[in-house]
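Engineer: Structure below; questions to follow.
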């Protein structure tokens, strides 16, 4: 027993020594088995599992390549390549696994016709000497495409008045998918969907969705589509609902213009029903139909000319296998036909947008406001005094008329005749010349006795053209000319002053050509 213990201890030490030798041997860490980390494939398809040995050293000898599957913590051989023994594939892969390029550096295999049981962890192992075994593993996922379909309910859908309970109308199924698919609905209906997942023993999942709603007339002929999304695929299938409902009745034919003696009028009963209405019954609110009125199925004919006895409320009852509903119309008889007024030109041309009408009206209003403002401004400018309203600056005339405006006198004679006994002081001087004695004396005293005869004195000519005097100027002139006699001849050019003067509120006149500061 002691020998066996020593042998066991020696074996353990020898194994440890080999391991340390392999660990410190140069180039050991560069020897790597390369595989794909994960692979996936669909049931019934083929998948290639890559495996290669990288950077082999010349001193390292490869003896065997082995593929294994990890099952419940244990390893199960799948395929083996040995240079001396050849290729060996074990059951249940014998007919479905093959090496593509068997060699000491390439152990790639093909797994054909995938089954759900093929899913799992696969190990690729290279046996080397003296460094030992080198391996890597990959994960294979097997996917199953689901089978999808939609089916409507086998029960008859009937819309009933006052019904609030939702009933099953369609079922969408996505069966045996792996992983499970995503199911949804596409419709305008106001219903609700419920979902259920069933996990099958082989690992696949079946998804079932049921759609429920309250049957109604509005739901009839509406489309309901089932949408299944799986991996990169999208499935869509739809159906059209068939909902039975009782008739919805309307009466047509009365246009509001039934008048005396009108001919060839009728009423038609229209029933929206599923299945279609099979029976129609006409009555009036009073009971029986008037004389001259005949019912033929869904049409009510009025024979002969219209008279007042045909006025009243007419009722049509329509019946189908689901139920009976009625509709009514009130008929009025007038003495004369109603003739609508012809449409306006603008209406015939089409409605004018409100924005255009508002824009045109606003533009016209703006133009009127601007024109009115200009007119008011011009009138104020014409009738308003622009000068200084100080009490010191009153406006006087030029001494020959009130407020500075020359009066429109008839032309004066060139030579005025005075009696011989007239006072010399009252006689005017020669027309066209100066008539003031003091001015003559000033001219004689200061000007050497020379004076121009036959024309106005320059000073008086200048004063005559002035439209006004200030208060100071007026007082000064009153001192100098108060005792003198006017002998000035009117100049025709001064008559134009009246055309250029504007009347003021205080009775005075202001020239339009002057600005007063």
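Here the Cβ of each residue, glycine as well, is placed from N, Cα and C on the backbone.
Here Swiss-Prot flags 449-466 as compositional bias 'Basic and acidic residues'. Sequence annotations record features per position, and here Swiss-Prot assigns disulfide bond to 51-124, 172-226, 269-316 based on experimental evidence. Residues annotated as domain 'Ig-like C2-type 1' in Swiss-Prot: 149-238. What Swiss-Prot lists as N-linked glycosylation site is 36, 72, 139, 202, 286, 297, 307, 332. Per Swiss-Prot, the feature phosphotyrosine maps to 436. Annotated region 'Interaction with FGFR' per Swiss-Prot: 282-299, in sequence order, evidence recorded as similarity to another entry. For 1-30, the entry in Swiss-Prot reads signal peptide, with the evidence type sequence analysis. According to Swiss-Prot, the feature topological domain 'Cytoplasmic' maps to 377-517. The annotation transmembrane segment is assigned in Swiss-Prot to 356-376.
Please situate the listed features within the shown structure.
Structural biologist: Here the Cβ of residue 124 (disulfide bond) has 25 other Cβ atoms within 10 Å, regardless of which shown protein chain they belong to.
Taking all protein chains in view, 26 other C-beta atoms sit within 10 angstroms of the C-beta of residue 226 (disulfide bond).
If you take the C-beta of residue 269 (disulfide bond) and look for same-chain residues 6 or more apart in sequence within under 8 angstroms, you find 249, 250, 251, 280, 282, 298, 299, 300, 316, 318, 327.
Remark: secondary structure over the domain 'Ig-like C2-type 1' (149-238) totals 3 helix, 55 strand, 32 coil, with classes taken from DSSP.
Counting only same-chain residues six or more apart in sequence, the Cβ atoms lying under 8 angstroms from the Cβ of residue 36 (N-linked glycosylation site) belong to 49, 50, 138.
In this view, residue 72 (N-linked glycosylation site) is surrounded by 6 other Cβ atoms within 10 Å of its Cβ, with every protein chain counted. Mapped onto three states, the DSSP output places residue 72 (N-linked glycosylation site) in coil.
Around residue 139 (N-linked glycosylation site), the same-chain residues six or more apart in sequence whose CB sits under 8 Å from its CB are 37, 38, 39, 120, 121, 122, listed in sequence order.
In the structure as shown, the Cβ atom of residue 202 (N-linked glycosylation site) sits within 10 Å of 12 other Cβ atoms.
Applying an 8 A CB threshold to same-chain residues 6+ apart, the list for residue 286 (N-linked glycosylation site) reads 312.
Residue 297 (N-linked glycosylation site) falls outside any helix or strand according to DSSP and counts as coil. Within the same chain, residues at least 6 positions away in sequence whose Cβ sits under 8 Å from that of residue 297 (N-linked glycosylation site) are 280.
Sequence-distant neighbours of residue 307 (N-linked glycosylation site) (same chain, six or more apart, CB under 8 Å from its CB) are 260, 333, listed in sequence order.
Around residue 332 (N-linked glycosylation site), the same-chain residues six or more apart in sequence whose CB sits under 8 Å from its CB are 256, 258, 311, listed in sequence order.
Same-chain neighbours of the region 'Interaction with FGFR' (282-299): 266-271, 309-310, 312-318, 328, counting only residues six or more beyond its ends whose CB sits under 8 Å from a CB of the stretch.
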Engineer: Are there residues at least six beyond either end of the transmembrane segment (356-376) with Cβ under 8 Å to its Cβ atoms? List them, or say none.
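Structural biologist: Residues: none.
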Engineer: So, three-state DSSP: helix, strand or coil for residue 269 (disulfide bond)?
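Structural biologist: DSSP call for residue 269 (disulfide bond): strand.
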Engineer: Among all protein chains shown, how many Cβ atoms are found within 10 Å of the Cβ of residue 172 (disulfide bond), not counting that one?
Structural biologist: 26
Engineer: For residue 316 (disulfide bond), list the number of other Cβ atoms lying within 10 Å of its Cβ atom.
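Structural biologist: Within a 10 Å radius of the Cβ of residue 316 (disulfide bond) lie 26 other Cβ atoms.
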Engineer: Could you tell me the mean pLDDT over the region 'Interaction with FGFR' (282-299), as a whole number?
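Structural biologist: Taking every residue in the region 'Interaction with FGFR' (282-299) and averaging pLDDT yields 92.
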Engineer: Can you grab the distance from residue 172 (disulfide bond) over to residue 124 (disulfide bond)? Cα atoms, rounded to a whole Å.
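Structural biologist: Between the Cα atoms of residue 172 (disulfide bond) and residue 124 (disulfide bond), the distance comes to 43 Å.
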Engineer: For residue 51 (disulfide bond), just count the other CB atoms lying within 10 A of its CB, please.
Structural biologist: 24
